[in-house]
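What follows is a short report on a single structure.
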Amino acid sequence: MEPVECPRGLLPRPCRVLVLLNPQGGKGKALQLFQSRVQPFLEEAEITFKLILTERKNHARELVCAEELGHWDALAVMSGDGLMHEVVNGLMERPDWETAIQKPLCSLPGGSGNALAASVNHYAGYEQVTNEDLLINCTLLLCRRRLSPMNLLSLHTASGLRLYSVLSLSWGFVADVDLESEKYRRLGEIRFTVGTFFRLASLRIYQGQLAYLPVGTVASKRPASTLVQKGPVDTHLVPLEEPVPSHWTVVPEQDFVLVLVLLHTHLSSELFAAPMGRCEAGVMHLFYVRAGVSRAALLRLFLAMQKGKHMELDCPYLVHVPVVAFRLEPRSQRGVFSVDGELMVCEAVQGQVHPNYLWMVCGSRDAPSGRDSRRGPPPEEP
């Protein structure tokens with residue numbers, strides 16, 4: 001099969017797409033929804049596709065590691081955010097990761113956590129919607145073929161793991177809700193509402209050290225020992241055994257209800273977590289809630305977050321900072337981390353954002369402005 005060219009910022013017409021679908025995601029109806037809601041639009045828009053159903057955890061990761069990507073103009077992922085996490089990490093594990101990660105991606109919501117799709121929906125100028133309405137909007141964006149670059153978060157853990165996030169890392173309340181609501185996944189995204197009320201009933205406090213590199217901070221010199229591994233070089237990070245560089249900000253408080261690092265606007269299709277808008281290139285949102293917040297105040301925050309109004313409450317315990325890197329060192333192994341909705345062992349972790357590092361189907365062809373916007377258009381196939 002001959003590869004095709006990808007014009008700047010647009011998928012070609014006709015277009016070939018590899019669709020990875022988790023039939024067990026969300027309410028377990030993703031396949032039926034694809035056949036009834038997505039497929040007719042694709043056929044009309046001259047988008048041919050191959051559909052692969054994932055069979056187990058990390059199946060999508062294995063598939064994209066081995067796939068001949070030149071056969072496809074884009075990869076579409078129909079599930080929750082976790083399957084996109086698998087795909088991106090699979091692409092970054094390939095020997096040709098530098099070109100593989102530029103293969104355009106499309107998020108089709110079919111899971112119980114659809115924050116990435118909700119964010120793309122927001123960037124396209126659509127109203128906040130859920131379920132089949134959100135799926136149809138994202139399908140229409142694929143049919144329109146427009147691409148936009150997105151930031152990528154590189155993470156390192158104390159045990160030596162390196163992984164990548166396309167959406168978020170959370171610790172504390174949000175991660176607990178992710179974990180404990182898993183048993184309600186057949187309810188769809190309402191599982192998070194149920195989980196929130198259960199967790200509010202028994203609010204936990206987590207102890208740890210949080211540090212970050214704010215946007216606009218200029219170092220007198222680059223750290224002497226930056227992390228160098230396969231993949232993009234994390235120039236702002238030093239090994240976890242070393243103290244953070246002196247130009248970083250260390251949060252004096254060490255008791256938290258939650259810490260959230262977020263690359264996009266939504267935490268779910270019904271949680272507009274970052275109403276300040278799309279991150280600039282090379283920037284991510286850091287939110288944390290300090291211990292001392294009451295259950296009632298925390299509930300008000302999450303209820304207001306449904307409409308993006310939580311920052312207007314001026315809660316003294318809620319802090320938001322735009323950052324380019326962070327480090328979080330839990331004092332114990334109690335609890336978990338959630339990375340793009342996928343659970344990770346609780347241990348020291350740090351990360352930095354890489355600007356405009358991957359391409360996604362989106363409603364706007366404009367790249368996020370700001371820091372070091374280096375990525376060009378997706379490469380044309382030879």
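The backbone N, Cα and C atoms fix where each Cβ goes, glycine too.
Your range for motif 'Nuclear export signal 1', going by Swiss-Prot and the list 12-20, 147-155, 300-308, is 147-155. For the substrate site, Swiss-Prot records Ser79, Gly80, Asp81, Gly82, and the single candidate of Asp176, Asp178, Asp234, Asp255 listed with them is Asp178. Given the ranges 116-124, 134-142, 161-169, 341-349, the record in Swiss-Prot names 161-169 as motif 'Nuclear export signal 2'. With respect to their backbone Cα atoms, Asp178 (substrate binding site) and Gly111 (ATP binding site) stand 13 Å from each other. Beyond the ends of the motif 'Nuclear export signal 1' (147-155), by six or more residues, the same chain brings 9-11, 88, 101, 104, 123, 161-166, 169, 231-232, 234, 261, 263, 279, 281-284, 339, 349-368, 373, 375, 377-378 to within a C-beta distance below 8 angstroms of the stretch.
Among the binding-site residues Thr54, Lys57, Arg185, no residue is found with its Cα located within 10 Å of the Cα of Gly80 (substrate binding site). The DSSP secondary structure for Gly80 (substrate binding site) is coil. Of the binding-site residues Lys57, Arg185, Arg185 has the largest number of other Cβ atoms within 10 Å of its own Cβ. Take the binding-site residues Gly80, Gly82: by the count of other Cβ atoms within 10 Å of each Cβ, the lowest one is Gly82.
Taking Ser79, Asp81, Gly82 as the binding-site residues under consideration, the smallest Cα distance to Asn22 (ATP binding site) is found for Ser79.
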